[in-house]
């Protein structure tokens with residue numbers, strides 16, 4: 001009888017250890033206090049999926065919508081970053097003129113030449129199969145493109161697709177700020193730099209309390225990029241600020257790299273089910289933003305150490321594997 005009891009006790013202890021180790025105890029949203037950077041790093045590591053026992057597509061199908069003849073590099077940087085971080089399949093929806101150029105950059109990307117209102121039906125069909133959609137890199141600010149971006153956002157809202165909005169998509173939002181109002185879970189992440197943040201703040205001119213990032217509702221979070229990256233969440237305890245880890249060199253394409261990486265991390269964070277209450281979306285957004293910001297800064301620092309002021313965006317892309325290993329202790 002004693003032996004049976006001992007075995008039962010060991011079984012319970014082992015089960016609890018496994019339960020905790022693999023993150024099945026979903027109480028992160030219930031903890032009190034602001035998330036520390038140490039906790040955010042721990043959660044960031046936790047969302048990275050295991051490579052074993054998975055099929056192609058399980059680690060994410062990410063879309064990057066943007067690009068133009070003038071800015072064909074932006075969607076490439078974003079898409080390849082999403083792929084290098086660990087998404088299984090990455091798609092680029094770009095203009096007819098930019099598509100051959102983007103295709104020539106990498107055979108690893110799936111490129112559609114449909115970024116035109118003439119292909120609205122085709123775009124809407126494609127949107128349904130993506131896990132996370134990154135909109136904006138190099139999309140352009142012509143009136144026709146702004147209208148198209150707003151239409152795509154509206155369709156994603158109906159489909160309840162998680163979005164990352166960067167660059168020209170943020171410009172489009174300033175032209176119709178209500179497009180994100182009441183966006184359903186799993187929500188939207190905006191990634192403005194300081195200048196874009198000021199323009200969004202100005203556009204939300206009827207939000208008199210000064211907290212412009214609250215305007216669109218609880219499922220929209222904001223990552224303001226700069227010397228200090230700052231996360232604004234509707235849940236105060238999930239907010240954070242990150243300094244250090246980068247360099248003084250700001251390479252063209254760095255924002256696109258962050259946006260693409262964020263697309264992959266966002267998908268992983270949502271699927272990790274870090275908690276099960278009404279704050280699960282906000283926690284996933286916060287952790288994904290922290291992971292993407294930390295990785296991008298580490299890429300920047302590693303590339304700068306090697307190239308100095310001659311560093312370019314492509315140098316940062318090459319550092320994603322080593323930076324990922326350094327930050328997440330995984331290869």
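If you go along the chain as it appears here, the first residue is 1 and each next one adds 1.
Placed from the backbone N, Cα and C atoms, the Cβ positions cover glycine too.
These numbers come from a predicted model, not from an experiment.
Site annotation for (6S)-NADPHX in TrEMBL covers 193, 194, 195, 196, 197, 198, 199, 256, and the matching candidate from 86, 138, 140 is 138. Residue 246 (ATP binding site) is 23 Å away from residue 198 ((6S)-NADPHX binding site) when you measure Cα to Cα.
The local packing around residue 198 ((6S)-NADPHX binding site), expressed as other Cβ atoms within 10 Å of its Cβ over all shown chains, amounts to 13. Nearest to residue 256 ((6S)-NADPHX binding site) in space, judged by Cα atoms and limited to the binding-site residues 246, 248, 250, is 250. For the domain 'YjeF C-terminal' (39-327), the predicted model reports an average pLDDT of 95.
Across the structure, residue 254 (ATP binding site) and residue 138 ((6S)-NADPHX binding site) place their CA atoms 13 angstrom apart.
Of all the binding-site residues in the record (138, 194, 196), the one with the smallest CA separation from residue 248 (ATP binding site) is 194.
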